[in-house]
Amino acid sequence: MPVFELLIAGILLGGLYALMACGLNLVFGVMRIINFAHGDLLAVGALTTVSIVTGLHLPFYVAIVVVPLLTAALGLAMQVLVLRRLADGPMIMSLLATFALSTILVNLSILIWGGGYRGLPGVLGGSVHLLGLDVALSRLVSFLVAMAVTLLVWWFLQSTRFGRAIRSVSQAPELAVINGISIDAVRNVTFALGAAMAGLAGVLLAPTFASDPQLGARFGIKAFAVIIVGGMGSYPGAMAAALLLGVLEVFGGYWFGQVIGSAMLFLVMLVVLLVRPRGLLGMGVRA
Amino acid sequence: MHVQRIQPQPTPVPPPDFASATDTAERILVVEGVGKRFGGLVALSDVSLSVGRGSITGVIGPNGSGKSTLFNIIAGTLRPDRGRVFLNGHDTTRASPAQICRNGVGRTFQISRLFGEMTVLENLVAVAHGASDAEAVERALGLLDFLEITGLRDKWGTELSYGQRKLVEIARALMLRPTVMLLDEPFAGINPRLQNRIVDHLEALRQRGLTLFFIDHEMRIVLEICDTIHVLAQGRVIAEGDAAAIRSDPKVQDAYF
Amino acid sequence: MKSLVIIVVSAALAAVIPFVGSEYALSFTVQLFVFVALAYSWNLIGGYAGYTHFGQVAFFGVGAYTGALMMDAGFHWLLAAGAAGLSGALLALPLGGAMLRVKGPFFAIGMFGMARVCESFALGFDGITQGGTGLYLTPVTDLKPLYFVLWAIAFGMVVLTWKLDNSRLGIQLLAIREDETAADALGIRTTRLKIGTFVASAIAPAAVGSLYATYLSFIDPATAFAPMTELTTIAMVLLGGMGTTFGPLVGAVVMSVVNELLWSRFPEIYLALVGAVILAVVLFMPRGIVSFAMRRAWWWVPAARSSLRRLASRPAPSRSPKEAH
């Protein structure tokens with residue numbers, strides 16, 4: 001068994017999960033809702049990347065800049081037009097709203113891009129020699145960018161004034177105004193930031209995986225398992241769990257086949273819920 | 001007439017270092033050496049107190065004195081770091097709120113926790129464990145009548161005013177036919193007229209043999225109705241006794257007045 | 001008894017359709033019954049107990065496959081449906097034990113993930129399920145018995161919900177929905193009730209899944225675990241009114257008509273439109289049609305949980321105020 005190869009492949013995959021999961025976790029922390037449409041923003045990001053590179057013949061790095069801005073705008077629109085109006089109501093209603101938004105987003109994507117798979121042949125092709133292994137360039141680049149951005153956002157949360165405002169809102173939502181930053185502004189920025197991270201994850205997976213409008217239900221949903229395993233609201237927990245689950249998925253896929261490998265994330269999530277419901281590093285969901 | 005719905009468990013063997021636990025006939029609630037810290041903050045350092053059967057006992061103390069922590073430990077929503085709690089002769093230190101409830105303890109909440117999208121009658125009937133529908137409705141109507149809130153019967157939980165909620169919560173806790181009632185700040189934030197009404201009801205409940213234990217800041221009422229008062233400050237009991245003793249206690253004067 | 005009148009009249013109407021209606025009417029009502037059974041089941045756990053989730057299609061799909069494999073092995077379709085219902089309950093028991101430890105979005109989306117797991121198993125174990133190709137079954141010659149079994153399940157779910165709505169069990173489920181912590185502290189056995197309701201809510205979808213496979217004489221992962229099934233069911237309950245006796249029925253009828261009008265004409269935007277319906281209900285009428293009508297006390301709307309009120313309004317000479325404690 002090529003343990004080392006599988007391990008590297010798992011970690012590289014885990015980097016993408018980290019970027020997705022941290023965005024989702026960020027939004028959960030501040031809004032106390034899970035954005036069901038998070039994965040669909042990822043799909044929109046991936047498909048837009050395909051259009052930019054193969055349709056408009058622009059270089060890939062343009063997508064890295066433009067697409068997160070686009071999904072951030074989409075996310076912000078969702079927040080301002082829908083979710084903000086439901087913020088004081090029962091949480092179930094916000095959840096159903098994100099479910100509805102997800103459906104709308106998926107089906108509009110099907111209208112725009114069609115239902116089939118689209119790839120990005122030739123972008124970041126080839127491989128590099130690393131630690132005695134041949135690693136696909138696309139996977140390596142997407143891992144590095146994903147981890148860099150995830151860590152950058154973490155630094156932003158820890159070290160900037162606005163980042164601290166975001167963290168204090170997630171710890172004590174009842175304190176409406178923190179050093180002159182309104183809770184509405186915090187929510188809007190957080191939602192946009194989370195959406196941008198989803199979009200970027202979409203950009204980064206486009207060269208490696210085939211994208212289609214259903215990508216959210218297939219791939220984006222894994223971010224959810226990651227934050228349950230890592231612990232809701234815990235940023236380091238999400239990063240650790242993302243890498244762990246990436247490795248598990250790759251090994252599972254090697255042993256039991258691709259389909260079962262993907263399902264393994266959710267089985268791990270079930271076990272975590274049974275054994276340690278607050279997750280590896282989490283603050284707990286039951287409260 | 002109180003009907004014991006719980007399987008009567010054998011009375012626990014009293015710990016040798018705690019002789020007073022033997023007379024559970026007299027002391028319905030015993031808190032022994034309870035301590036609790038949150039991170040570095042000591043909420044309760046070493047609290048012992050006991051509540052006589054059929055008494056009205058109150059705990060008062062300034063904000064941050066550990067009242068709420070103590071209440072939550074007794075009600076089972078918090079676990080103490082050390083010490084023990086006995087209710088009705090059972091060690092309930094590690095019991096869940098649900099188990100404590102089934103031991104004959106009814107409780108109200110500091111912030112109203114009525115079931116909002118249900119009527120008052122439904123709020124009451126929902127917790128009438130073991131009774132038939134007809135009996136449950138009967139008991140609920142009896143309690144609404146007793147608390148003089150029959151008019152609220154078909155109102156929704158969300159429609160009620162703050163004071164009405166407090167009364168309905170008391171009625172709902174009484175639906176459990178408790179032997180002890182734990183009241184979390186029953187007088188906070190309501191007008192004096194309603195406070196007096198609640199006082200009258202509590203007195204009437206005590207007449208029927210119910211034990212009442214509550215925490216509150218309302219010095220006036222606590223001194224007026226309690227047989228025994230415990231004063232909490234900085235996580236420990238600094239004074240206990242009847243109203244006269246508390247009024248004249250210099251330590252209480254320091255902490256409070 | 002307004003409730004009884006509504007139940008009996010709609011059941012009688014549905015029962016005569018195979019004798020008087022066209023092929024089209026028959027297929028329309030089959031779809032309607034399937035969705036009524038799904039919507040009422042979802043309403044039990046999502047509407048009454050407040051554990052909304054996006055994974056009911058897991059039970060529908062697992063039931064469809066269990067039934068299809070049984071029929072493939074030569075069993076009668078009715079027996080297969082019974083076994084499918086059982087498989088739903090057996091799946092729901094451990095799943096509920098784990099998943100019901102979390103609530104809100106975690107339960108909802110976790111269940112969505114579980115449905116995807118079941119789907120990938122159906123795809124992945126292609127030695128048994130034929131993977132994406134799907135299983136072809138021998139068509140049933142006479143659809144009428146199938147129709148009546150579906151009718152009985154749908155009718156049974158309505159009656160069951162009506163009974164629940166008028167019982168203390170139903171009120172205790174609502175108490176869990178409203179404030180689970182308080183319900184627990186007041187001695188309501190929340191864990192047991194939640195898991196029980198969850199298991200009960202899995203049986204009919206699984207049985208109906210099997211019957212639907214019989215009806216189509218075919219099943220594949222895309223049909224068994226279709227997001228459209230999930231979405232339409234939730235839209236129905238939400239539109240009609242979550243946690244009400246007649247909400248899912250009203251919602252199912254309205255959405256089925258919408259479905260007929262739009263699905264054939266605009267299949268490409270149908271799902272987006274259902275999403276828009278959910279969004280509109282959430283934003284503008286979160287309690288649904290029936291709750292809205294109940295609050296307005298429209299004459300044709302039966303009051304919710306009326307049996308308690310009748311008990312309370314009954315003159316009771318024996319009642320004494322001294323009974324309180």
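Just so you know, glycine gets a Cβ as well, placed from its N, Cα and C.
Note that TrEMBL annotation is computational and uncurated.
Database features (TrEMBL):
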type	residues	note
TRANSMEM	A:6-28	transmembrane segment
TRANSMEM	A:35-54	transmembrane segment
TRANSMEM	A:60-83	transmembrane segment
TRANSMEM	A:95-116	transmembrane segment
TRANSMEM	A:136-157	transmembrane segment
TRANSMEM	A:223-248	transmembrane segment
TRANSMEM	A:254-275	transmembrane segment
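In summary, the transmembrane segment (A:136-157) lies against the transmembrane segment (A:6-28): three or more C-beta pairs, each 6 or more positions apart in sequence, are under 8 Å. With a cut-off of 8 Å between Cβ atoms, the residues of this chain six or more beyond the transmembrane segment (A:35-54) that come close are 20, 23-24, 27-28, 60, 62-63, 66-68, 70-71, 74-75, 78, 95, 98-99, 101-102, 105-106, 109, 112-113, 118-120, 123, 191, 194-195, 198-203, 205-206, 209, 211-217, 219-221, 223. The stretch from A:6-28, A:95-116, A:223-248, A:254-275 that makes the most Cβ contacts under 8 Å with the transmembrane segment (A:60-83) is A:95-116. Residues 33-37, 39-41, 43-44, 47, 50-51, 74, 78, 82-83, 86, 212-214, 216-217 of the same chain sit 6 or more residues outside the transmembrane segment (A:95-116) yet have a Cβ under 8 Å from a Cβ within it.
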